[in-house]
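Peer 1: Could you have a look at this structure, given as structure tokens, before my questions?
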């Protein structure tokens, strides 16, 4: 019940501060006999790690992961598989330049958790934001790499769909493009625009917000745990728990407020093979908190980093008015690296719901339904 | 861990179907010695109950609540107080016209949980939506009435700020107005507009979406449980768990994606009494998942009801293409009655976080901070 | 996380005071499509209910249960089945003679929870022990009746094996005998002895302790959730949570302290059908927290009721030395009615572990093991 | 909810296999501003570590602990304090002689978890018992060292009170003696007897059971979370989760079955300072699941190690009858090193209950009680 864990049957507990010796997580509840190596996890971590383009922080962290437990050799293949016991993952911090943070030791950056951590705990590791740093999300991405393997056929992908005032053109959406630009942007034209725009932001020492979309395909119909652990409710919690996220929506999202019942209805027809086929997906793949079998579509909004060069008015921890300017190394748009983090969180929710569904219901009903 | 509960130290478990004998909840973890009578709870239920205007369903449910446990007399006053043991609340269903629902027994309404409940469970109480009915939210409102009393000085209020394409003018915001119109609308002019617009929707047998804003004042600074039970993360889960909700945002919300770091920074200055004063509230009262002491501001989007008179294409549970038209009695805009439900969920989250903070930390640090 | 619930995927929340209007529970997580009627539950409640012999309290409670939610008709049979939604059960209190309890309103019975509830909460429903009354166990028995149906082939039976200094002779063990005497005693000779002995205790207004044994057959091998939710760990918690229980043991239990490794080893040989056969069961059906497929055997010790006619020295809540004598109606040996309660708790643990195992592992490995 | 965690507000998650690279734990929910260094934890680990006498396994593990997160410098003292964020502890495995375990890779030791882990998971790290090894308890002891600091004034001590047929004489009880012999035995005479007896067991390559008593002093009255998280219920679960434990009792324990109500009643009188004084402690410091303020007294029985030199009949994982003999390095009486483990588990339960009580109730009521 303490609060550095998420999930129920697939349960992840993270630990670590930005400038402490290490960070990591324990993944508890992963089913046994799933092939898993450090390389599987490293591949996902490498997508999130900093310093890969001029658009993210220049901190150099290899983010190398070690598996400390929970895997063992498969005698037939010589490869490694999960054993059903907790999988501990460790990532050592390497490039901590703690001297950068002398300035913010006593002064509260407006919009940052410095202030609230001090209010709550009366002590904090101020170096690089300590526990409130986005470095914690490396552990999420590592856990997500395992979650992806739990649900057969699951494919979770994310994309940056807006930076500041600039949105992608959905007509240009190309998943292959996501891996080709430093923004995880599915629209090549928009990516070019993002680069120009973000260069301006970066040079001014400013920062900007963004919107990310995560799409999970291959989610079996029937997952979800009404009433208070609906798939959408858990995705909302998971995404909102990511640093700097201020909004989450599913399917039509806030746009649904402007729709009529006629417009919003996702009509259904039988497909040629006799299974139900939805003719649209305003629901974002979830009805009544339960997956429909369509793609789950979630979006989340990330605010601009509070670490900027321009001075802002604030107070210090001794009770004085001060002005704060943040030098250090920071992401001008934390939304970019939030893409793999959002994917990881959705993957973890789906994996957890999958295991819970299998536990409570055994398996979904066949369709058409000879009810009972 | 099963999923009809929410909260941790202040924990609510709800039960009941729309057309079963009763619904209700068990509130576990309420601190002892808090004055509580059925009338306190009834007052909140009466704000949510149906049939109070032509803009909500005409089902007549008195929604009378009985307290079955967890309270006892205060010998000094003769009034009732909580005892620290679980408080069970019961609301009997009275006006069930189950015959209305013959049509939807076999046919899946597009956009409704009929389909997914059948997929998941292979059986469902189809009458009035069964467990997926918004009637379940009566239990939430009842629990919320208790939650409101747990945190001294807490004031949680909600308002309808958008119906379909029509938004309120924030310059007209008047909390007193909220109780004067059938929409919980804080803008008298907008309320008149809403009435006209919704009459049109209702007469067509159509439905429309809406946006609700909930504001919690008097939340002490320091509440929140990083990393995975941040106040905003839990509010997101709580609001997204309400029927028909498709989006949740905190403070600037999705608008934060378009802000620069300079714009988004909530600057701080010392007030005359030496306490820190935020000069804006883009954060919506939460930084790093922890309350700042400012008002918590959350908004959520509600989709249009899927029960409409216009025929929509669908399938039935035997595997045939069908057309569905929903007669019964329904809310043309479920967003209206979602206002007290949203308030209740936010109150429950704050009460729970308050107890957890008191448990883990004891009490917040004084400010200014002689850190350690 | 609040504490009137137990279980994870099969989760039971109880409520109610001895002399309040009602008690009951919500069973959340029961799989769908399991036949369930009130009569199924009533049968178990009738085994526990008071006033069935001169050896239990003379309070007359019909303990009639109503199912408020979570079941629906099976169209093929017309019978009722579970729907996967929470099952709320209600038992109204009928025979409250609250005047009996004036005496203990202010004075603390030695050995009773009166004192600690007042210390903890500062207020309590003193009538009949309020929430700390063994009446709460009716709700457990009701929940257990559902749990029994969750695991195919599960048979959970309990027996009284010791009252005060008198133990049964295990050579006489006859399950059929359990239903023939008022003690749930499997040894007809011992039952006669118990009757004589307990008449003496009862006439003196005294009380006496007891030991109960619960045996669960048909538990599939492989259930259990190492490390902190081992089957034995959860059974220990479940049984120790029953009123007046002071000890729990599994298999050889405390006797294992006197055994050598050679004696304690449950040797294994292949049976004729090729499955492993244990030649003894010191383990009580559990190794490393995981079920072996043998019968699970648990015993628990119940202390004598603290409500006795003999005066005992105590204090009152105003800070005075007093002498306390308890008149009211009480069980001279609460261990008797604890038999069906113990069964219910074990059934709930097994059901919950069954669902969790199915969730995490899917299904157990076949044996012999082509490991991986 | 997955199962390598225990506790709620003070929550411990352990990981690691006997012969993997490392084991450890994450302690989540520790209050901030508590002085804590690795040396504090090391002192407890050193009490548990193997190879300290001829009566425990000769495996040489330094069990050196590293704190990876959750602490920071106290600017006033230069010492370290907790920050309220998760405390990750790491202990690397050093002395793994995996070749010792070739024999038990395929054969199931009777009485060992080899069999059930294979049944459950279909794969296991067989080296040294893998996850089911008592090495996991090092992580518990480390967590317990932190728990001890959470409750002001708490003193938790344990002692070995029985080995095989030999029990201590309680008249000789001397806590100081516990640190002077290799058995944690509080009776010097018994310790000498234990040494002789255990030498015999050891030389035969046999093993023997034991009983441990844990006494927690300084537990505030009022802790405990009825109904299903009573202090005794949680202690029972915590102790039963330790490897090889088969029974748990509180206060008079199984002996209470033989007591009358008169004998079992812990009478109360006012002490000179006006507080209530219990005249005996059959209750073991807990009434109705809530602490009375007396010492909490718990005992647990540990079975003999299943790893013995004498051949036992068993089967292998290919489905053959085999005979098993375990060579490797093992404790002839695992009960000895279970003493600090039992202490740690009780300390963790008390710390967790302390935080939960503070959360739900704020603080206990003063006594005498102006009720309400």
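Glycine is no exception: its Cβ is also placed from the backbone N, Cα and C atoms.
Pulled these features from TrEMBL for this protein:
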type	residues	note
BINDING	A:48, A:54	NADP(+) binding site
BINDING	A:131, A:132, A:133, A:243, A:244, A:288, A:303, A:304, A:305, A:306, A:307, A:329	FMN binding site
Peer 1: Pop the Cα-Cα gap between residue A:48 (NADP(+) binding site) and residue A:307 (FMN binding site) into the table, whole Å please.
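Peer 2: Here the two Cα atoms lie 20 Å apart.
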Peer 1: Fewest other CB within 10 angstroms, which one of the binding-site residues A:48, A:131, A:303?
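Peer 2: Output over binding-site residues A:48, A:131, A:303: least Cβ neighbours within 10 Å is A:48.
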Peer 1: Quick one: of A:54, A:307, which of the binding-site residues has the smallest count of other CB atoms within 10 A?
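Peer 2: So among A:54, A:307, the binding-site residues given, the one with the fewest Cβ atoms within 10 Å is A:54.
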Peer 1: Below 8 Å Cβ to Cβ and six or more residues apart, same chain only. Which residues does that give for residue A:133 (FMN binding site)?
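Peer 2: Correct list: A:17, A:18, A:243.
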Peer 1: Indicate whether residue A:307 (FMN binding site) is helix, strand or coil by DSSP.
Peer 2: coil
Peer 1: Which one is it, among the binding-site residues A:131, A:244, A:303, A:305, that lies nearest to residue A:54 (NADP(+) binding site) by Cα separation?
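Peer 2: Closest by Cα: A:305.
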Peer 1: Of these binding-site residues, A:48, A:54, A:133, A:305, which are close to chain B by the rule of a Cβ under 8 Å away?
Peer 2: A:305
Peer 1: Rounded to an integer, what is the Cα-Cα distance in Å between residue A:303 (FMN binding site) and residue A:48 (NADP(+) binding site)?
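Peer 2: Cα of residue A:303 (FMN binding site) to Cα of residue A:48 (NADP(+) binding site) measures 18 Å after rounding.
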Peer 1: I'm trying to understand the geometry here, so how far is the Cα atom of residue A:244 (FMN binding site) from the Cα atom of residue A:48 (NADP(+) binding site), in Å to the nearest whole number?
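Peer 2: So the alpha carbons of residue A:244 (FMN binding site) and residue A:48 (NADP(+) binding site) sit roughly 16 Å from each other.
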Peer 1: Which whole-number value in Å describes the distance between the Cα atoms of residue A:305 (FMN binding site) and residue A:48 (NADP(+) binding site)?
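Peer 2: With distance taken Cα to Cα, residue A:48 (NADP(+) binding site) is 17 Å from residue A:305 (FMN binding site).
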Peer 1: Measure from the CA atom of residue A:131 (FMN binding site) to the CA atom of residue A:48 (NADP(+) binding site) and give the result in Å, rounded to a whole number.
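Peer 2: Distance (Cα to Cα, whole Å): 18 Å.
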Peer 1: Counting every protein chain present, what is the number of Cβ atoms, excluding its own, within 10 Å of the Cβ of residue A:244 (FMN binding site)?
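Peer 2: Taking every protein chain into account, the count is 25.
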Peer 1: Would you identify the secondary structure of residue A:48 (NADP(+) binding site) according to DSSP, in three states?
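Peer 2: The three-state answer is helix.
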Peer 1: Name the binding-site residues, out of A:131, A:133, A:244, A:303, A:305, A:307, that lie close to chain D, meaning a Cβ-Cβ distance under 8 Å, keeping sequence order and answering 'none' if none do.
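Peer 2: In terms of proximity to chain D, the binding-site residues that count are A:131, given in sequence order.
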